[in-house]
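Visitor: This structure is in C-alpha cells; I'll ask about it shortly.
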Amino acid sequence: PRGPLRPLCRPINATLAAQNZACPVCITFTTSICAGYCPSMVRVLPAALPPVPZPVCTYRQLRFASIRLPGCPPGVNPMVSFPVALSCHCGPCRLSSSDCGPGRAQPLACNRSPRPGL
C-alpha cells in the first residue's frame with residue numbers, strides 16, 4: 001500500500017525572518033518547525049452534532065532559541081526569540097503556539113532587504 005502524497009507531520013528545517021521596526025536590519029535564520037499532513041475525518045451525518053475539530057501539525061516538544069538583530073539603536077531590545085521543534089504531533093490547534101491558518105505559498109520573509117551573510 002502507498003502512503004499519503006504529502007509527508008506526515010514531523011519537524012522540518014525552515015528559513016524564517018526576524019525583524020524589529022525600530023532596527024535597521026532584517027535577518028533570516030534556519031530553525032525546525034512542525035509541518036506535514038494530519039489525517040482527519042468528516043462526519044457523514046453532520047446535522048445535529050458539533051463540528052469535529054481538524055487536527056493540525058503542531059509542537060509536541062519545543063525549546064526556544066534567540067538571535068540578536070544587529071544595528072538596533074540604544075534602548076531597543078535586539079533579541080528575538082523563536083521556537084525550535086524537537087518533536088511534533090497531530091492535535092488541536094492552539095493559537096498560543098501555532099499558526100492555524102492555511103499554509104503559505106512563501107515562507108515568512110523580510111519586509112526590507114535581509115542582511116547578507118546571516
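Residue numbers in this text run from 1 along the chain shown.
Yeah, the Cβs are placed from backbone N, Cα and C, and that goes for glycine too.
Pulled these features from Swiss-Prot for this protein:
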DISULFID  Cys9-Cys57  disulfide bond
DISULFID  Cys23-Cys72  disulfide bond
DISULFID  Cys26-Cys110  disulfide bond
DISULFID  Cys34-Cys88  disulfide bond
DISULFID  Cys38-Cys90  disulfide bond
DISULFID  Cys93-Cys100  disulfide bond
CARBOHYD  Asn13  N-linked glycosylation site
Visitor: Would you mind ranking the disulfide-bonded residues Cys23, Cys57, Cys88 by how many other Cβ atoms sit within 10 Å of each Cβ and giving me the lowest?
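Guide: Each of the disulfide-bonded residues Cys23, Cys57, Cys88 was scored by Cβ atoms within 10 Å; lowest is Cys23.
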Visitor: Disulfide-bonded residues Cys38, Cys72, Cys88: which have a Cα within 10 Å of Cys9 (disulfide bond)?
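Guide: Among Cys38, Cys72, Cys88, the ones whose Cα sits within 10 Å of that of Cys9 (disulfide bond) are Cys38, Cys88.
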Visitor: Could you round the CA separation between Cys72 (disulfide bond) and Cys26 (disulfide bond) to a whole angstrom and send it over?
Guide: 11
Visitor: If you count Cβ atoms within 10 Å of each one, which of the disulfide-bonded residues Cys34, Cys110 comes out on top?
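Guide: Going through Cys34, Cys110 one by one, the largest Cβ count within 10 Å is at Cys34.
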Visitor: List the disulfide-bonded residues among Cys23, Cys26, Cys34, Cys57, Cys90, Cys110 whose C-alpha is within 10 Å of the C-alpha of Asn13 (N-linked glycosylation site), in sequence order, or say none.
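Guide: Correct set: Cys34.
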Visitor: Do you see any of the disulfide-bonded residues Cys23, Cys26, Cys57, Cys110 whose C-alpha is within 10 Å of Cys90 (disulfide bond), and which ones?
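Guide: Those near Cys90 (disulfide bond) - Cα within 10 Å - are Cys57, in sequence order.
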Visitor: Count the other Cβ atoms sitting within 10 Å of the Cβ of Cys93 (disulfide bond), across every protein chain shown.
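Guide: So the Cβ neighbour count for Cys93 (disulfide bond) comes to 16.
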Visitor: Under DSSP, is Cys34 (disulfide bond) part of a helix or a strand, or is it coil?
Guide: strand
